[in-house]
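A.B. asks: OK, Swiss-Prot features for this one:
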- Glu142: active site (ACT_SITE)
- Cys99, His141, His145: Fe cation binding site (BINDING)
Amino acid sequence: MIRDLEYYDSPILRKVAAPIDEITDELRQLVLDMSETMTFYKGVGLAAPQVGHSVALFIMGVEKELDDGELIFCDFPKVFINPVITQKSEQLVYGNEGCLSIPGLRGEVARPDKITVTAKNLDGQPFSMTLEGFLARIVMHETDHLHGVLYIDRMSDKDKTKQFKNNLEKIRRKYSILRGL
């Protein structure tokens, strides 16, 4: 089932997500729904708070990035439960980011080029991955969602132009009206 997205200015996007203690049938269904939702909206990652669930879970739909920048998508997304970024490279790389919860806007964000993340999969088994480049960026972006942080919070002030701020305000107003606020 395709879930409704939470958009910029939704309070759930600013909450710290609760850890997941148990893998339940409801959690498995949430992951299936998130996968359908991410595919429908053409995302590369999706965090549970973006579909209204403040739990420490995200999915990533990209398996690898080729040398020419082409993305290879997974048949079924990688599931990260209670993810923790345990290592980050000191080298920062700027990259252009967008977010399904902030439609139509993109911004330059500096992030470590290489990370190691530990998490549990949908079977409750712990795993660790070292990622670099775009895949590392996806994991950091989605992990930020679980801490109530949006990519716009990581943009430098000089990149938040007046036009960018005006567009952000338009998004806030549009989706506040749709939520009935």
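Yeah, the Cβs are placed from backbone N, Cα and C, and that goes for glycine too.
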A.B. asks: What's the CA-CA gap between Cys99 (Fe cation binding site) and Glu142 (active site) in angstrom, rounded?
C.D. replies: 10
A.B. asks: Sorted by position, what residues of the same chain at least six away from His141 (Fe cation binding site) have a C-beta under 8 A from it?
C.D. replies: Gly45, Glu97, Cys99, Tyr151
A.B. asks: How would DSSP class Cys99 (Fe cation binding site) in three states?
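C.D. replies: Strand, per DSSP.
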A.B. asks: Quick one: what's DSSP say for His145 (Fe cation binding site), helix, strand or coil?
C.D. replies: helix
A.B. asks: Among all protein chains shown, how many Cβ atoms are found within 10 Å of the Cβ of Cys99 (Fe cation binding site), not counting that one?
C.D. replies: 25
A.B. asks: From the centroid of the CB atoms of Cys99, His141, His145, the recorded Fe cation site, which same-chain residues not already listed sit within 8 A by their CB, in sequence order?
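C.D. replies: Checked against the 8 Å cutoff, the neighbours are Gly45, Ala47, Gln50, Glu97, Leu100, Ser101, Glu142, Asp144, Leu150, Tyr151.
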A.B. asks: Taking the Cβ of His145 (Fe cation binding site) as the reference point, list residues of the same chain whose Cβ is under 8 angstroms away and which are at least six residues distant in sequence.
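C.D. replies: Spatial neighbours, sequence-distant, of His145 (Fe cation binding site): Leu13, Ala17, Ala47, Pro49, Gln50, Phe58.
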A.B. asks: At a 10 Å cut-off from the C-beta of the residue listed as 'active site', count the other C-beta atoms across all protein chains.
C.D. replies: 25
